[in-house]
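Report on one structure; see the data block that follows.
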Amino acid sequence: MEEINKTSKIQFFFRPFSTDPKIQMGIFVAFLVMYLTSLSGNTTVAVLVQINHSLHIPMYFFLANLAVLEIFYTSAIAPLALANLLSMGKTPVSIPGCGTQMFFFVFLGGADCVLLAVMAYDRFVAICYPLRYTCIMSWPLCVELIVGSLVLGFLLSLPLTILIFHLPFCNNNEIYHFYCDMPAVMRLACADTHIHETALYIISFIVLSIPLSLISISYVFIVAAILRIRSAEGRHRAFSTCSSHILVVLLQYGCTSFIYLSPSSSYSPEMGRMVSVVYTFITPILNPLIYSIRNKELKDALRKALRKF
């Protein structure tokens, strides 16, 4: 009971990127610009899909939901990270606050990974079964797939967060990160974390490998179907609808696999922090850019919206 009381009173602090206030301010400005760019880009995609009836098809429905997920995903991290940069690492976060941030980060990140697999399935049906596409990808099914992504993210996040925050935390309260990431928080526990690290690795492997396997299988069939298309224009059009998704998948799964599937013995806090910047700030910016640049319908909808202003 005494150990629990001690743990409940602990406040965490995030290690600054630098002890130089000028460098910290420069990083703050960079993070703020990236956060605002991510918010504006993903909001634009979500609003464009909502206001354009021509985009009311499953592919753009999933894209809009991905954009909304990215908004909440980044917002779970950015405000506290920005406050910490301004205060030179002196902004405290309580155990419940850290647990809440971790829960939403894992919940939204897990849902994001599952949704990318759903989007691959949508492209598989559209290219391999074009005549049956509207029957297979019905609106009730699309809604069920979105809800399923959120439920799976929730079921992943809750037990992991509870597992980690049942650990006792003692005197070392400086997190070598800019948010409450699971590997970084576990390193502060004053108890054996071998079981927790194993559980995190197994769950991360399942969550990343199953959707990635489904994505890979979908694209094997998609590539085979594209190669059977006789016209060069048809092949180009079919490939262009998938290339954006492939780029986003590579970014998302590449970074998360590096963090959560690397052996704990080889985990580098500094490298982990650098890679985390990519998938918490940079990837949410690139997603709307990648989809907008490589998608004619989305670019046309953006031009029409801009002409109205």
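Cβ coordinates come from backbone N, Cα and C, glycine included.
Taken from TrEMBL, the feature transmembrane segment covers 23-48 (among others).
Per TrEMBL, domain 'G-protein coupled receptors family 1 profile' is recorded for 41-291.
Long-range Cβ contacts of the transmembrane segment (60-82) within its own chain (Cβ-Cβ under 8 Å, at least 6 residues beyond either end) map to 14, 28, 31-32, 35, 38-39, 42-43, 45-46, 49-50, 91, 93, 101, 104-105, 108-109, 111-112, 115-116, 118-119, 122, 142, 145-146, 178-179, 280-281, 284, 287-288, 291, 297-298. Summarising the annotation, TrEMBL assigns transmembrane segment to 60-82 (among others).
Per TrEMBL, the feature transmembrane segment maps to 102-121 (among others).
Positions annotated as transmembrane segment by TrEMBL: 141-167 (among others).
Same-chain neighbours of the transmembrane segment (201-227): 110, 113-114, 116-117, 120-121, 123-124, 127-128, 156, 160, 235, 238-239, 242, 246, 249, 253, 256-257, 260-261, 264, counting only residues six or more beyond its ends whose CB sits under 8 Å from a CB of the stretch. Marked as transmembrane segment by TrEMBL: 201-227 (among others).
Counting same-chain residues at least six beyond the ends of the transmembrane segment (239-262), those with a Cβ under 8 angstroms from any Cβ of the stretch are 59, 109, 112-113, 116, 119-120, 123, 126-127, 181-183, 200-201, 204-205, 208, 212, 215, 219, 222, 226, 272, 275-276, 278-279, 283, 286-287, 290-291, 294-296. The transmembrane segment feature in TrEMBL is assigned to 239-262 (among others).
Annotated transmembrane segment per TrEMBL: 274-293 (among others), in sequence order. Nonlocal intrachain contacts for the transmembrane segment (274-293), taken as residues 6+ away from its ends with a CB within less than 8 angstroms of a stretch CB, comprise 31, 34-35, 37-38, 41-42, 44-45, 63, 66-67, 70-71, 73-74, 77-78, 177-179, 181, 244, 247-248, 251-252, 255-256, 258-259, 299, 302.
Contact between the transmembrane segment (102-121) and the transmembrane segment (23-48) is not supported: fewer than 3 Cβ pairs lie under 8 Å, counting only residues 6 or more apart in sequence.
Confidence across the domain 'G-protein coupled receptors family 1 profile' (41-291), taken as the mean pLDDT and rounded to a whole number, stands at 87. The list of residues near the transmembrane segment (23-48) in space but at least 6 beyond its ends in sequence, with Cβ under 8 angstroms from a Cβ of it, reads 16-17, 55, 63-64, 67-68, 70-71, 74-75, 78, 81-82, 85-86, 88, 281-282, 284-285, 287-289, 291-292, 298, 301-302, 305.
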